[in-house]
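Annotated in Swiss-Prot:
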- 52-177: domain 'Thioredoxin' (DOMAIN)
- Asp96: site 'Deprotonates C-terminal active site Cys' (SITE)
- Cys102: active site, nucleophile (ACT_SITE)
- Cys102-Cys105: disulfide bond (DISULFID)
- Gly103: site 'Contributes to redox potential value' (SITE)
- Pro104: site 'Contributes to redox potential value' (SITE)
- Cys105: active site, nucleophile (ACT_SITE)
Amino acid sequence: MPLSLRLAPSPTALSPTTGGFSPAKKQCRIPSYSGVATTTRRIGLCSLDYVKRGDSSVVRCSLQTVNVSVGQVTEVDKDTFWPIVKAAGEKIVVLDMYTQWCGPCKVIAPKYKALSEKYEDVVFLKLDCNPENRPLAKELGIRVVPTFKILKDNQVVKEVTGAKYDDLVAAIETARSASSSG
């Protein structure tokens, strides 16, 4: 018989874990139930670790909620990028890969925000290419910042390097027209 657990945060049930878990992750103690084994399950952005300890079981749960709003630019990281891209389905996704210290990145940021308000059928994301996100930046093949990647169906279909606003608009228009005709 499958075990179904409903975890509700309460001050007595949750305490921060130590040793490598982010602040969003909590440790919850629940009574021991038969059928609970040491296992990890990943469901979307939620990761559950079941560990049997004595007469109780420990469930470590990480649940991150990422809201992608129309007309907004959503900040992503190495953990949230691909789930959001997959959730976008057939929508066009535009990713701004930037750094905090990049002058051209700062100049184009307000224009990028304006594009997110103009193209409400497109998902606009931004990724800070800091050391923590370096694996994703490397996976996406970044060489310079800013770099804009345009994705459709989980695949990069266009790339614009540098703060070239007109080139970015043209790439978005091309991807949108290819999307509507194909």
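Every residue, even glycine, has its Cβ placed from backbone N, Cα and C.
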Checklist outcome for this item: Whole-Å Cα distance, Asp96 (site 'Deprotonates C-terminal active site Cys') to Cys105 (disulfide bond), is 9
Checklist entry - Looking at the recorded positions Cys102, Cys105, which one has the fewest other Cβ atoms within 10 Å of its own Cβ? => result Cys102
Checklist entry - Taking every protein chain shown into account, which of the recorded sites Gly103, Pro104 has the largest tally of Cβ atoms within 10 Å of its Cβ? => result Pro104
Checklist entry - Taking all residues of the domain 'Thioredoxin' (52-177) together, what is their mean pLDDT? => result 90
Item to check | Cβ neighbours of Asp96 (site 'Deprotonates C-terminal active site Cys') where a neighbour is any other Cβ within 10 Å | outcome: 26
Item to check | DSSP-derived helix, strand and coil totals, residue by residue, for the domain 'Thioredoxin' (52-177) | outcome: 45 helix, 41 strand, 40 coil
